[in-house]
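Feature list (source: TrEMBL):
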COMPBIAS  1-12  compositional bias 'Polar residues'
DOMAIN    55-479  domain 'Major facilitator superfamily (MFS) profile'
REGION    1-20  region 'Disordered'
TRANSMEM  49-71  transmembrane segment
TRANSMEM  91-111  transmembrane segment
TRANSMEM  123-142  transmembrane segment
TRANSMEM  148-169  transmembrane segment
TRANSMEM  181-203  transmembrane segment
TRANSMEM  209-231  transmembrane segment
TRANSMEM  294-318  transmembrane segment
TRANSMEM  330-350  transmembrane segment
TRANSMEM  357-378  transmembrane segment
TRANSMEM  384-413  transmembrane segment
TRANSMEM  425-448  transmembrane segment
TRANSMEM  454-471  transmembrane segment
Amino acid sequence: MWGSQSSSMYKRTSSREYSPMVDVEDNSRLLLDDDDDVSKETETTNPPWICSLPHVLVATLSSFLFGYHLGVVNEPLESISSDLGFTGNTLAEGLVVSVCLGGAFIGSLFSGGAADGLGRRRAFQLSALPMILGAFVSGVSNSLAVMLLGRFLVGTGMGLGPPVAALYVTEVSPAFVRGTYGSFIQIATCLGLMAALFIGIPVHNISGWWRVCFWLSTIPAAALALGMFFCAESPQWLFKQGRIAEAEAEFERLLGGSHVKTAMTELHKLELDKTDEPDVVTLTELLYGRHSRVVFIGSTLFALQQLSGINAVFYFSSTVFKSAGVPSDMANIFVGISNLLGSLVAMVLMDKVGRKLLLLWSFIGMALAMALQVGATSSYLPHFSALCLSVGGTLVFVLTFALGAGPVPGLLLPEIFPSRIRAKALALCLSVHWVINFFVGLLFLKLLEQLGPRLLYSMFSTFCLMAVMFVKRNVIETKGKTLQEIEISLLAKP
């Protein structure tokens with residue numbers, strides 16, 4: 001079983017045997033097992049993907065919860081405001097929706113320290129606790145203040161979980177399926193959003209159903225916390241802690257016994273290449289140190305992802321569809337299906353065409369979709385044609401976003417960040433994501449009123465084209481490479 005310690009006949013070797021302080025020929029010889037029954041062919045074949053799959057699926061529960069809590073108040077908001085006594089107060093309704101973003105920002109700030117200090121598994125369990133507590137508090141709330149407290153607690157778990165999920169999935173996945181497994185994060189988020197939508201449907205017919213919507217989310221949160229007791233810890237994290245034997249054991253669970261020596265040798269080589277670096281990672285080092293360029297690339301990717309207007313499209317899609325005579329619940333279903341379809345295509349293509357090409361296709365498609373939205377505002381078009389362009393542009397935008405701009409940054413950044421700074425660098429980049437997400441949501445309707453849809457959508461399209469140029473110039477391809485190979489190649493660059 002995947003939850004128990006592997007009992008392979010692989011014979012573990014002391015860490016000294018993995019040390020690469022020899023010439024290239026000797027190093028190559030050390031990759032071979034001392035036993036005659038392990039052949040060269042075994043070393044060069046891909047490890048079995050099934051070994052790591054259950055661990056990845058448990059980790060993506062955090063992404064499912066992320067999507068669920070983003071969408072859980074959309075349908076029930078009217079009932080919540082009526083029961084808690086703030087009907088018609090748009091500011092209060094906006095706070096119920098967006099207070100999660102403030103909590104997520106706080107959670108993301110602490111995600112790097114939690115992942116490095118406690119380990120990936122315990123960080124997952126830590127993220128599940130406020131989501132369980134916050135969902136319970138929201139469900140029993142009898143005032144706006146208690147509801148906001150519950151939503152804020154949930155938000156801290158939402159901010160803490162996704163960075164750890166991106167780290168964990170990247171570190172436990174074999175290189176040849178890492179892109180596919182990374183796509184599971186986006187798919188789980190889509191499924192969470194759609195689950196929240198479907199669970200919220202009875203809210204208009206059953207009094208108090210919105211409380212059930214919150215309470216149901218405690219089930220996957222508890223499953224995440226309990227499931228992590230049976231999952232493997234990140235071998236990279238264990239190695240950084242000096243727990244070499246445990247790292248070997250976890251590599252054996254995730255990759256199979258015949259691939260442990262190769263993985264451990266690469267980790268030891270990286271350790272020798274970084275002997276002059278301090279153990280503590282500071283904000284100054286992230287912003288101005290030798291790795292500041294990859295941190296800049298990561299932060300800019302997340303900034304451009306949000307400045308493309310994706311959340312504005314999500315916020316405004318119901319209005320667009322309503323003007324075409326489509327009910328809001330059907331509009332959410334159409335958008336959800338487009339998001340899920342794009343994520344499934346990305347899962348198939350991620351390890352075939354690569355991360356960089358998907359990003360380029362995605363941002364180009366998003367720019368064209370925004371151009372359709374701009375065209376829909378033309379006064380020369382018949383009303384029906386304008387509606388078709390607007391609805392089509394919205395669906396194409398969501399589809400192409402899910403194809404690359406949605407899933408790729410969360411996968412690519414843990415790949416290009418060196419293991420020593422990976423957790424804290426990703427936390428910093430996601431903090432940028434949450435800040436821009438908050439301001440886009442806060443200012444979108446005001447800018448739409450001041451600038452009009454034509455100019456605003458033109459700005460979003462321009463940001464998408466800027467993202468195309470940025471990706472083409474700065475992003476490296478990581479498809480099929482181990483994390484150690486990526487890090488070594490980046491260290492070799494001036």
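Each Cβ is built from the backbone N, Cα and C atoms, and glycine gets one as well.
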### Query
Are the transmembrane segment (454-471) and the transmembrane segment (294-318) close enough that 3 or more Cβ pairs fall under 8 Å, when only pairs 6 or more apart in sequence count?
yes
### CB contact flag for the transmembrane segment (209-231) and the transmembrane segment (91-111), at least three pairs under 8 A
no
#### Entry: Within-chain partners of the transmembrane segment (49-71) [C-beta distance under 8 Å, separation at least 6 from its ends]
2-3, 100, 124, 127-128, 131, 135, 154-155, 157-158, 161-162, 164-165, 168-169, 172-174, 176-177, 181, 184-197, 200, 217, 220-221, 223-224, 227-228, 230-232, 253-256, 332
## Note on the structure
For the transmembrane segment (181-203), out of 91-111, 123-142, 148-169, 330-350, 454-471, most C-beta pairs under 8 A are with 330-350
